[in-house]
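Single-structure report; data block below.
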Amino acid sequence: LHETGSNNPSGLNSDTDKIPFHPYYTIKDILGALIMITLLSSLVLFSPDMLGDPDNYIPANPLNTPPHIKPEWYFLFAYAILRSIPNKLGGVLALVLSILILTIIPLLHTAKQRSMAFRPMSQCMFWVLVADLLTLTWIGGQPVEYPFVMIGQLASVTYFLMILMIMP
């Protein structure tokens, strides 16, 4: 922002919007980061069980996997993709690809415009992808039963189709 200005798809001159970088902004950002670190540290050090799962205190049966075992919320979409493929090797490959595919998204962007303000179809595809990721995250936390497995399979196919075929 300090060198090229903001994203300006309309072509108007944006030199008046540029602001010089000043140490004030650095100090302001450092202060905000310190406040957040202090709040998070006090939460972790003074009440560590506040954000924990009460199922973690149930005594475990070593003969079977407890039903409450599931990954963290930010990996639930990949877990849903893993469970949607019945083949073990295929599921693991889809799990790894579902995470690695996120790294190639910047390479798939070939449009001349940097903004999506004048591309309503791209906006629609973005929100479909967000809805699909939310659906996969929800399915990843559900038990492996009939309606959830089918929804997970459909959402998995939609996820890969959106990123590899429809978005570029």
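Glycine too: its Cβ is placed from the backbone N, Cα and C atoms.
Per TrEMBL, the feature domain 'Cytochrome b/b6 C-terminal region profile' maps to 11-168.
TrEMBL lists 30-47 (among others) with the feature transmembrane segment.
Taking Cβ pairs closer than 8 Å, the transmembrane segment (89-108) reaches residues 77-79, 81-83, 156, 159-160, 163-164, 167-168 in its own chain, all 6 or more past its ends. Taken from TrEMBL, the feature transmembrane segment applies to 89-108 (among others).
If you look up TrEMBL, you'll see 120-140 (among others) marked as transmembrane segment.
TrEMBL lists 146-167 (among others) with the feature transmembrane segment.
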For the transmembrane segment (120-140), find every same-chain residue at least 6 residues outside the stretch whose CB is under 8 Å from a CB in it, and list them. 70-71, 73, 75-81, 83-84, 111, 148, 151-152, 155-156, 158-159, 162-163, 166-167
